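J.: Okay, here's the structure, questions in a sec.
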């Protein structure tokens, strides 16, 4: 369920699940830098530095992210 918060001008705005998870889990700044890079370049391949910063931050707080091969193997079993 999305939460509602007030914007600086006093309007109500719904927060989505992803934003709430990032705030609770940390790494908001790293995620914003990654998003900014993508919107500036429209190419994830040009954002490897920002992606690595986000990955390191997330893994420091939550442990390793599953790899694509982990997901494929899990789906096969």
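Backbone N, Cα and C atoms are what each Cβ position is placed from, and that goes for glycine too.
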J.: Quick one: sort out which of 16-26, 27-37 is the motif 'Cx9C motif 1' according to Swiss-Prot.
T.: 27-37
J.: For the record in Swiss-Prot, which of the ranges 47-57, 58-68 is the motif 'Cx9C motif 2' one?
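T.: From Swiss-Prot, the annotated motif 'Cx9C motif 2' range turns out to be 47-57.
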J.: How many neighbouring Cβ atoms, not counting its own, are there within 10 Å of the Cβ of residue 57 (disulfide bond)?
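T.: For residue 57 (disulfide bond), the 10 Å Cβ neighbour count is 17.
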J.: What is the total of other Cβ atoms whose distance to the Cβ of residue 27 (disulfide bond) is within 10 Å?
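T.: Around residue 27 (disulfide bond), other Cβ atoms within 10 Å: 21.
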J.: With DSSP as the reference, give the number of residues of the motif 'Cx9C motif 1' (27-37) in helix, strand and coil.
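T.: Going through the motif 'Cx9C motif 1' (27-37) residue by residue, I get 10 helix, 0 strand, 1 coil.
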J.: Check each residue in the chain of residue 47 (disulfide bond) that is at least six apart in sequence and keep those whose C-beta is under 8 Å from its C-beta; list them in sequence order.
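T.: Listed in sequence order: 34, 37, 38, 41.
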